[in-house]
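Features as listed in Swiss-Prot:
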TRANSMEM  11-31  transmembrane segment
TRANSMEM  44-64  transmembrane segment
TRANSMEM  74-94  transmembrane segment
TRANSMEM  103-123  transmembrane segment
TRANSMEM  128-148  transmembrane segment
TRANSMEM  163-183  transmembrane segment
TRANSMEM  206-226  transmembrane segment
TRANSMEM  238-258  transmembrane segment
TRANSMEM  267-287  transmembrane segment
TRANSMEM  300-320  transmembrane segment
TRANSMEM  328-348  transmembrane segment
TRANSMEM  452-472  transmembrane segment
């Protein structure tokens, strides 16, 4: 392909973001302020520019470029907008916390932007190696972010665990991709699907590769039994970093799974559906039962994340447009819930004190009714209690499962959701009905921008619960326009 034939428009958001983050990295060398105001402002402007570029490049149909290795389609565009918003919110939430603990450096913002760049590459990849490159860029940025607080032993330990296990998962994924290549003679997603559908693929090699690919994907999602890193990383990393690790990458991982399973390996759905059923059930059971035993909120939310990934897998394994769109709706709403949940913990923390345990939250309503209400909104939404958006997200994926004859799996999901409600309501009980023994809510140092965004974040959970159709329709149309009628 010559430069004259190259269409750069589909990759405009990534090009804008790469130029911006490279410039910010250089400019930050000359920034002396402790609060990194210039770097922070430039990073937010970079996100605005990336969001504008995403809207400018938005098309209602897939467009391939770079010799078919890159695609701009509605799924990618919706995901990129969500990722840009999540990254901006994470930066706003993290700034004061990082300043209080001495790791507010330019690297905090530039690493988040590089992670965003990796996620954008992931969601627009139409070639398995492009997917892998985006994944590794994201992973390397996250490793560095987790270890950014160098004086923190738990953070360093968490980064090392994530790095070692992440390398293992990447190896499994690459091994599976190599087998798929051996069986189909291509790494292009469309070509792989066509080879399998036409019967020209080596079924044995593709099936073996599928096992390794699903294992690698399960690690990135944090699904059981590849979930070992999730609780340790969530608890060990600084809360400002946990906030980012536990939100935006989940949406990117969803699109990552869609590219592999719903596009490249869609003709082999009968082979990967049973594996996803096992992963979904195991994630629901282990995630909810383990969360009941936790008193550390970050660790509880880690196991909660595992159970949420189980629900998202139910939507994916339905292998229908309704199932994929329900899973996408779930991924976006989970991202919003995670941002709000960890955001409240950050707001209630201050220099010398981290709000991390149930005891810290006891009696919060008597000290700060607004933050207590935000905790209630987040916990009710995660538990799936109407009219919060979490209820409609769970309802959508369970309905998709019922519509393809997996009623028994939907019943398992409902039972696990009822069990999971216990530990969410336990947090609400501590906030509203227990005596104030913790120091959360005392001498808060929250900035006005964080107060505003956190309030909007909480109200969005309620607003999307009352009016969920707009976002769900957007997800459904994106899936239909990107994947066809399937």
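Every residue, even glycine, has its Cβ placed from backbone N, Cα and C.
Taking residue pairs at least 6 apart in sequence, the transmembrane segment (11-31) and the transmembrane segment (300-320) share fewer than three C-beta contacts under 8 angstroms. Highest Cβ pair count under 8 Å relative to the transmembrane segment (206-226), across stretches 74-94, 128-148, 267-287: 267-287. Taking residue pairs at least 6 apart in sequence, the transmembrane segment (267-287) and the transmembrane segment (74-94) share fewer than three C-beta contacts under 8 angstroms. It is 11-31 that, among the stretches 11-31, 44-64, 328-348, forms the most Cβ pairs under 8 Å with the transmembrane segment (103-123).
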